[in-house]
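Participant: When I checked TrEMBL for this same protein, it listed these features:
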- 58-272: domain 'MacB-like periplasmic core' (DOMAIN)
- 59-79: transmembrane segment (TRANSMEM)
- 307-331: transmembrane segment (TRANSMEM)
- 313-435: domain 'ABC3 transporter permease C-terminal' (DOMAIN)
- 363-388: transmembrane segment (TRANSMEM)
- 408-429: transmembrane segment (TRANSMEM)
- 459-482: transmembrane segment (TRANSMEM)
- 539-665: domain 'MacB-like periplasmic core' (DOMAIN)
- 718-743: transmembrane segment (TRANSMEM)
- 726-840: domain 'ABC3 transporter permease C-terminal' (DOMAIN)
- 780-804: transmembrane segment (TRANSMEM)
- 810-832: transmembrane segment (TRANSMEM)
Amino acid sequence: MMLVRRQGRCDRLKFLMVWSLMIDCCETRCAWPEERFMSTLFDFRYACRLLLKRPGFSLFTILIMAVGLGLCIYMYSIINSLVLKPLPFKDGDRMVMISPSINDVRLGDSPISFMDYLDIKAHSKRLEQVGYYYGDVANINLDGQASRYIAIRSGPDFFPFTGVQAAKGRLFNQQDAGEGANPVAVIGYALWQNYFGGRQDILAQSLLVNGVSTQIIGVMPKGYAFPMNNQIWLPTTLNPAHITVENAPKVQVFAKIKPGFTLADVDVELKNIMAGREQRFPEINGGHSAFAITFMDSFMGEDSKPIFLVMLLAVLLVLLLACCNVGNMLLVRAIERSKETAIRVAHGAPPLRVVMQMMWESVILCCAGGVVGLLLAGWGISLTGSLITSVVPDKPPFWWQLGIDTDVVVKALILVVIASIITGALPAWKIVHSNVNDALRDGTRGAQSRNSSRISRGLVIFEVALSSSVLCVGVLLALVVAQAAKIDYGVDSNNVWTAKVSLPPINYPDDASKVNFFNRLVSDLKTQPGVVQAGLMSRLPGEFTSASSIELEGSSFTRSNRNQFPRANDVVVYPSSLSALGIMPEEGRLLTQNDDAQSQKVVVITRSFAQRYWPDEKDVVGKRIRWIDGEDHAWYTVVGVIPHVIQGRPFGHSQWMPSVYRSMLQVPQEQISVVVTGVPHENLSNVIRHAVSSIDAQLPVYQEKTLQEVIDRNTSGLSYISILFNIFGIMAVLLAGSGIYGVMAKTINQRYQEFGTRRALGATRGDIIALIMRQGWWQLVLGLVISVPVIGAISPMILVTFGYPGIGMMMLFSITSLMIGLVVTFAILLPAKRAVQTSPMDALRHQ
């Protein structure tokens, strides 16, 4: 038997020598370019044959690279679509919005005063095509079908800003915005197709917009929805001649940065312009400034970009782990073939040629992984598109075109090239720095050198440290989401149905008409079967509510320093709304039907408002407050105190922002949310729709959801990010586990004779497994220790950002360590059990 094995080894050695001579002959003939091409093709085919001989190894490495590259491609595609890619217009990279800042606090998605806009337009030297727009609810009706849209009111400079012409008809001109002009509208392609059936005589049609017959003058091309997801545009109704500094409305301002200037340059100029306005109008513009921001940052929030960049960094780390893993496995293959390589070099093969043949293996594996990764990324992006609607209240902005475009493919090719270089670097280093004489004297085992073994173990430690850091962030975000899901909003959301209704000013021109509608609607709802209670609110709990500046009676503040006033969520409710949500007073009373326009103006505050602004007062009922902004500066008397209610997201400052509640009978609203409490398992959407249409058939009902769905939407975005980070972390841990498995399997394979000797001397299988486990676990422990400073630096920032500092770091690190420890233990145990199943005699004969 031994003679047969030795004869086989001699045959293989002869074959390698002949193969080496063939390679040398090819090299002497590769003098001309076409011969070099043939030589490269020969190396490529040779690398393919080597990989096909080990299909398990090849498929495993391709899968690893596909995971790393796929996650990177997926994450870059999402970030590129959401925050990086400029608007799809000419000069889209120069398009910005002008937003306000108050006391150096940037309000990225807020409008500015119309008078501020006029000053910026007149004095800016670094901006061009400065214009404005503002949103307006458009209840449209055609053939008895009512629908609600968000219309954009703007001037004739709006469409030229984007450089897009109408597909049919014309756009706005100066006459359309003049006093006494006939009502006209430009509609979007989707509205034309869905609402009008794509009829060709669309320019001869009109539709009712808020009860006003409006002539359609133009249709925009397919896909046009600027500035967000809009489908109807109306002329502006603002007349500068009738606007003063005191009553100036708020508008969204857009502009293009002139060539040669940057956002920072524009910010400096805007700061100077607004400083001049502050000097001229200190009571109105005190503490106010302005800055330029891209449309993407305005919608997503400037704070979102660091989150996405951290996510991109996380997937790059996963890709790095994949490259290290594949590189480590290719290094092991290079060591296994060190005898063959040494013979070829000894016969005169250039080391560069040998390195290039090894690099071809890396290139083939990374290219195959890139193709599979692109397919995986495309699949993930298609799934993400269906989740967008749960994160965005209305339709997502038109520039969110999720998909694999040319830019993503180019970036994917760059990643493949980088991955090929990284994975091929270690085998190349081994070939260049190996000692031919040592390799030729090494017998037939191809044992791993000390340096190579040290590199492999170092890579494993590095993988454990990186994977534990990424997984820690994922676990931390999952804990934050779990905490947010359990938080008490201060209301009972069980069996509560909601919907929104907007009252057009032309049909409801005064407060009396609005109040009459409110009374009829609530009265009608309470008589419907299945309805327990009903109410109306300007904003629902859990919805974003802009905070207002409020003056406390007896305070020393004046309007010149109004930005230092207390701030609170301003919510207007129908008297029965708070009780419908299960809110009971802790002091005083709730709002009643008697709190109408003829009675004393009253307000109910949350306990958080009383504790923050009257901390030393035991009884705050009877105190008075009033609003600083707006036209209503009357004093409101506090008649009740209720528990804290979260009106915004359960994170950061909005979680603890106090709220005040005024009566809808005293402060009528145009846009309202209907709240109906019903019996369990009863769908009340049709009840709300029927009650509204019975009063006004032209009013559309929209955003019909349960209150729990409204609340859950607050955590859906963070939950999505948490899921992604956990996927990244799990992939990283699995990659680290596979790396440890590969290293341990190779190490154990090299030590078969040692284990056979130990077994022959009396060591049990348990002793051998314990020895292997101890030697593998120290890499795990060292990797976890290295990750502690990284976790300690990242975790507090996340906890403070989301307002949950109470999550214990020890618990977080324990969960992460346990998850990684289980994976690593399994990765070590598999080759260890295989080693002890070999008999001592076979192990002693192992070569």
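Any Cβ shown, glycine's included, is placed from N, Cα and C.
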Participant: Tally the residues of the domain 'ABC3 transporter permease C-terminal' (726-840) by DSSP class, grouping H, G and I as helix, E and B as strand, and everything else as coil.
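Facilitator: Counting residues per DSSP class in the domain 'ABC3 transporter permease C-terminal' (726-840), I get 101 helix, 0 strand, 14 coil.
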Participant: Are there residues at least six beyond either end of the transmembrane segment (780-804) with Cβ under 8 Å to its Cβ atoms? List them, or say none.
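Facilitator: Residues 460-466, 468-469, 472-473, 476-477, 479-480, 483-484, 651-653, 655-656, 718, 736, 740, 812-813, 816-817, 820-821, 824.
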Participant: Determine which residues of the chain contact the transmembrane segment (307-331) at the Cβ level, with the cut-off under 8 Å and only residues 6 or more beyond its ends counted.
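Facilitator: Sequence-distant neighbours of the transmembrane segment (307-331): 57, 61, 64-65, 67-69, 71-72, 74-76, 78-79, 82-83, 358, 361-362, 365-366, 415, 419, 422-427, 430, 452, 455-456, 459-460, 462-463, 466-467, 469-470, 473, 721, 724-725, 728, 731-732, 735-736, 738-739, 742-743.
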Participant: Determine which recorded stretch among 59-79, 408-429, 718-743, 810-832 has the most C-beta pairs below 8 angstroms with the transmembrane segment (363-388).
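Facilitator: Checked against 59-79, 408-429, 718-743, 810-832; highest Cβ contact count belongs to 59-79.
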Participant: Roughly where does the domain 'ABC3 transporter permease C-terminal' (726-840) sit in mean pLDDT, to the nearest integer?
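Facilitator: In the predicted model, the domain 'ABC3 transporter permease C-terminal' (726-840) has a mean pLDDT of 76.
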Participant: Which bits of the chain, at least 6 residues beyond where the transmembrane segment (59-79) starts or stops, bring a Cβ under 8 A of a Cβ in it?
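Facilitator: Same-chain contacts beyond the ends: 308-309, 311-312, 315-316, 318-323, 325-326, 329-330, 365-366, 368-370, 372-377, 380-381, 384, 402-405, 408, 411-412, 415-416, 419, 423, 724, 727-728, 731, 735, 738.
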Participant: Which residues of the same chain, at least 6 past either end of the transmembrane segment (718-743), have a Cβ under 8 Å from a Cβ in it?
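Facilitator: Tertiary neighbours of the transmembrane segment (718-743) are 60, 64, 67-68, 71, 75, 307, 311, 314-315, 317-318, 321-322, 324-325, 328-329, 332, 387, 391, 456-457, 459-460, 463-464, 466-468, 470-475, 477-478, 480-481, 484, 651, 776, 779-780, 783, 802, 819-820, 823-824, 826-828, 830-831.
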